[in-house]
Amino acid sequence: MSRRGERNEETDKASVSSNVADDSQRMTTIYAVYLIAALDITWMFLQFSVTPYLAKKLGFDTLWFGYLQTTVGVIQLLGGPMFGRFADLFGARTALSLACASTVVFFLLLATADTPAMLFIHKIPTVFMHVLPASQMVVTDLTKPEKRADALSKLGLCFGIGMIVGSTLGGQLSKLYGEKFTACFGTAGSAFSLLLVLKFIPKNTKAETTRGNTTDDNRRKSVFNLSEITRLMKFPTVMQTFIIKIVAGLPSGIFQVMFSIIALEFFKLQPEQNGYLMAYFGIVQMVIQGGVIGRLTARYSDNSLLLLSIGVSSFVGLAQAYIQNVWQFCFNILPMMFSLSVFNAITDSMLTKSVPSSDTGTMLGLCASVQSLLRTVGPTIGGFLSSTWLHSSWSIILPADLMELLELATGVKESFQLLT
């Protein structure tokens with residue numbers, strides 16, 4: 001009896017030790033993902049300090065710059081769901097490696113872009129540049145559902161850090177050494193991100209699942225299986241949440257993609273001044289994502305926070321119509337960043353909770369495609385509006401459809417309550 005008791009005690013200790021090791025490995029992976037995401041956002045905002053000014057040197061007006069941004073939206077709209085499906089099938093390391101390698105090629109092409117055609121061609125690798133959705137997939141796989149919104153919001157904290165560093169660094173490098181050197185710096189940085197992925201990210205982060213039907217398994221094993229992608233829209237609350245994500249996100253999406261032109265044409269900011277303004281955005285987002293959203297999600301339901309973010313966004317749009325200078329704009333940024341941060345974190349969390357864990361990558365790819373859809377239609381609309389009514393166009397975030405959005409959100413709330 002004593003030997004059996006000793007054996008059981010040793011087994012229990014081994015089990016506890018294994019769980020601690022698993023938890024430690026899981027947290028190491030999550031922290032590595034946060035670092036990779038922060039670096040990727042840094043390189044993204046680095047190129048924001050290059051592209052608008054390079055486009056202006058090459059003769060682009062606001063309308064053609066809108067076409068350039070629309071090109072990116074179309075490419076990523078097509079690539080987002082496929083990339084998510086790819087991540088589900090081949091694992092986190094492969095997906096993140098592909099995304100980081102594509103970023104390296106992107107910056108190499110940007111460094112050689114000396115004609116309008118090359119400026120369009122350098123956008124082609126963005127079809128695979130989905131580091132943030134892949135990072136969201138890893139965090140989603142390694143966290144419990146009740147802690148998911150908070151964990152995803154920490155990626156927003158990484159976004160803020162990357163925004164600060166990337167904008168400031170990009171503005172200074174462009175001012176001191178020019179656009180080509182800044183693009184080469186982005187190439188080296190993206191290569192470093194790729195090395196981090198290969199070192200710290202496991203091949204697969206999903207729990208092991210068994211499939212009962214080999215034929216069905218083979219049918220699923222295709223990145224281009226559209227039926228496997230679209231079937232996720234049939235889960236309860238998914239379609240309603242997607243409609244909210246698109247309709248509520250369109251005005252702010254137009255503003256975000258056209259902000260570089262707004263800063264250049266309306267506020268008359270120089271590259272380094274634009275970098276400082278973007279750094280301010282990052283600081284605000286860091287405070288909100290790191291210190292506010294976690295407390296809100298612990299106290300209030302996803303549905304209540306969704307309604308709050310839509311309401312705040314509507315009032316932000318009204319305030320923008322009266323902005324006359326950059327200082328007023330900086331004050332209005334506070335509620336704007338709050339509404340955007342809460343809205344994105346909550347909708348992504350709700351959508352991943354609505355589907356099986358084996359499909360979270362595809363779902364997050366679809367979420368990324370929503371942003372790409374906004375970037376597809378947003379720049380063209382924004383470019384047309386800004387070329388006609390520059391100031392009026394960027395106050396487009398108005399509450400005209402607020403009641404419709406509230407009704408949709410209420411429907412999601414009722415359906416989500418039935419599920420939970």
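Using N, Cα and C of the backbone, Cβ positions are placed for all residues, glycine too.
What TrEMBL lists as domain 'Major facilitator superfamily (MFS) profile' is 26-420.
The transmembrane segment annotation in TrEMBL covers 31-50 (among others). When Cβ-Cβ distances below 8 Å are used as the criterion, the transmembrane segment (31-50) is approached by residues 96, 99-100, 103, 106-107, 110, 131-132, 135, 138-139, 154-155, 157-159, 161-163, 165-167, 169-171, 173-174, 179, 182-183, 185-186, 189-190, 192-193, 196-197, 200-201, 260, 271, 274-275, 278 of the same chain, each at least six residues removed from its ends.
Feature annotation from TrEMBL assigns transmembrane segment to 62-83 (among others).
Taken from TrEMBL, the feature transmembrane segment applies to 95-113 (among others).
Feature annotation from TrEMBL assigns transmembrane segment to 119-139 (among others). When Cβ-Cβ distances below 8 Å are used as the criterion, the transmembrane segment (119-139) is approached by residues 29-30, 33-34, 36-37, 40-41, 51, 54-55, 58, 60, 68, 71-72, 75-76, 78-80, 83-84, 87-88, 92, 95-96, 98-103, 105-106, 109-110, 112-113, 148, 151-152, 154-155, 159, 193, 201, 205, 348, 360-361, 364-365, 367-368 of the same chain, each at least six residues removed from its ends.
If you look up TrEMBL, you'll see 151-174 (among others) marked as transmembrane segment. Packing against the transmembrane segment (151-174) from elsewhere in the chain are residues 30, 34-35, 37-50, 53, 132, 135-136, 139-140, 143, 181-182, 185, 271-279, 281-290, 293-294, 297, 341, 344-345, 348-349: each is 6 or more residues past its ends and has a CB under 8 Å from a CB in it.
Look at TrEMBL and you will find 180-201 (among others) tagged as transmembrane segment.
Marked as transmembrane segment by TrEMBL: 242-264 (among others).
Under the heading transmembrane segment, TrEMBL lists 276-298 (among others).
For 305-323 (among others), the entry in TrEMBL reads transmembrane segment.
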Message: Under 8 Å between C-beta atoms and at least six residues away from its ends: which parts of the chain pack against the transmembrane segment (95-113)?
response: 36, 40, 43, 47, 50-51, 54, 83, 86-87, 119, 121-131, 134-135, 137-138, 180, 183-184, 186-187, 190-191, 193-194, 197-198, 201, 361
